[in-house]
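Listed in TrEMBL:
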type	residues	note
DOMAIN	11-341	domain 'DhaK'
BINDING	Gly62, Ser63, Gly64, His65, Lys113, Asp118	substrate binding site
ACT_SITE	His226	active site, tele-hemiaminal-histidine intermediate
DOMAIN	381-585	domain 'DhaL'
Amino acid sequence: MAFQSKKLINDPNDVVTEFIEGLIETYPGLQYLDGFPEVKVVLRADVSGAKYDKVAVISGGGSGHEPAHAGFVGEGMLTAAICGDVFASPNVDSILAGIRAVTGPMGCLLIVKNYTGDRLNFGLAAEQAKSEGYKVEMVIVGDDCALPPPRGIAGRRGLAGTILVHKVAGAAAACGLPLSDVAAEAKCASEMVGTMGVALSVCTLPGQVTSDRLGPGKMELGLGIHGEPGAAVADLQPVDVVVSHVLKEILSSETNYVSITRGSRVVLLINGLGATPLMELMIIAGKAVPGLQLEHGLAVDRVYTGSFMTSLDMAGFSISVMKADQAILDRLDAPTKAPNWPVGAEGNGPPAKIPVPLPPSHSIQSDKTLSRPEKLSPQGHMLEAAIEAAATEIVTLRDNLNEWDSKVGDGDCGSTMFRGAVAILEDMKKYYPLNDPAETVNEIESSIRRVMGGTSGILYSIFCKAAYAKLKADAESVVTALHWADALEAAITAVSKYGGASAGYRTLLDALIPALSALKERLNAGDDPVDAFIISAEAVSAGAESTKHMQAQAGRSTYVPGDVLASVPDPGAMAAAAWYRAAALAVKEKASLPIEGITVPNPNSPTLPSRLKMIMLACCGIGVLLK
């Protein structure tokens, strides 16, 4: 029977900010950014981004896993930790604030656990930071060994092995290595570690009732760290049996999740999940070491036992095994002042009481208020018409998108896209600098980020931000058709990188990738830009329709039977095709219409100078691809 849990808290909504306040009072080497409640960032008190001469190592994620991640901030480990709400990924603005606060000329490494929300939010923050001039790399950690190789792109979850990756990366950064080397060591470490967890109880979120999912005398094998069900439920067994089973799963030669074979040197991490007494954790450690030595023929060089990455008040543990060589051991043995690393944290002096101010954005527009120009140039008129047509088409298509999504997803694709389209139409009247295509794309991203939730919102934000960065880097006074095509390619690449999908996964990319291919092919062949845009719009429609015949490998559609998927196309692909096609048709129509008393010649006219034709169409038309 479910019952209200007992918690030593005030308002459930304040638990993370109050935790951070207590943390910095306890550890003098830590401080936080003064951005509560939206920005929850813990950082080293001795680091100022503008002056910091080493690679900053940043991690984070949802709260509820303490001491991860804030407890591992300190010299020799993390430079900053970004704290989301309980079991919720931190927002992009918080991640950006952390990057700006601690990143100097050497750049920063983001270490991210493999969960979709974390990947997307940290990914978008990375793209924004790059556009501001920061050097940023990202390493994804997926050390879960509990589940068979998954379908689609979800991959292995990030668990307690992430803490070992933090230590390796932090020690490498402390040595003054460049960003590429720190990232390489972190990636190598992430590929050498495997983890599996066991739960005896279900965790309880602050202010919620305790679940009765796991009955008496039962244990759950292969759980995650967010209270989700494990891979299997079994009768509670003696700890010898449980530990032996977990080690066999991690080291299985069938799944081959980690390349550890007999004779290897390893590091062992025994992690409590929040409500497990240290006595029991030490019992587990005492059984795991001889199990690794005698049953698996491994040399155990280091053992770390304690609570590193918890799941609120869950009773249970996880075991992580990392393949080690002398270089890894040197990184793990290197000194650190991170308070919750188990090898002697140091600190001196009273805690500072004045929060560190939020750092300003490095964006070139940070000190300017963008607005719609009083007079639009011909390219501004063209861009406005295309954006308006694309957004209006999405507004019209809302119910159809929701209907399709109700069969293969959660039924809100149309509503989500509708919110973004309405915001774009409203903001365009006031804020979009339509005579500046690149900055207009950046403002579209701001509109989307403000109102579009869910995966669609973050994917389109990444899409626009990557396109904007490419335009700013490549284009000068004139944005050509090939510039726009390159920006579309950069946007598609970013969505694929951070979302994990590619062609054939049944996503919006299956509409946009054929469009990009057709567009670049026709432009390289010397076709008129408007004609190339129209041809690529035909390709985008065909690509969207083709998703009916694809097996989903991303998103909620992954769990939908194939016969259901075959009845409708992917809603995200259809939405992308709709705005793309509408924009292309608007460009074609606008190309020969008068603009405020100025007659714009037909671009196909043989008397039109070729340079004017290219400027008129390339600057204005193709830009709407990035809506």
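Quick reminder: no glycine exception, Cβ is built from N, Cα and C everywhere.
Here the features listed in TrEMBL are placed on the structure.
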residue : record                                              : Cβ within 10 Å
Gly62   : substrate binding site                              : 22
Ser63   : substrate binding site                              : 25
Gly64   : substrate binding site                              : 27
His65   : substrate binding site                              : 27
Lys113  : substrate binding site                              : 29
Asp118  : substrate binding site                              : 25
His226  : active site, tele-hemiaminal-histidine intermediate : 18
Checklist entry - Hey, how far is the residue listed as 'active site, tele-hemiaminal-histidine intermediate' from Gly64 (substrate binding site), Cα to Cα, in Å? => result 8
Checklist outcome for this item: If we take the residues Gly62, Ser63, Gly64, His65, Lys113, Asp118 that the record assigns to substrate, their largest CA-CA distance in Å comes out at 15
Checklist entry - Setting Gly62, Ser63, Gly64, His65, Lys113, Asp118 aside, what same-chain residues sit with their Cβ within 8 Å of the center of the Cβ atoms that define the substrate site, listed in sequence order? => result Gly60, Gly61, Ala68, His69, Gly84, Phe87, Ala88, Ser89, Ile225, His226
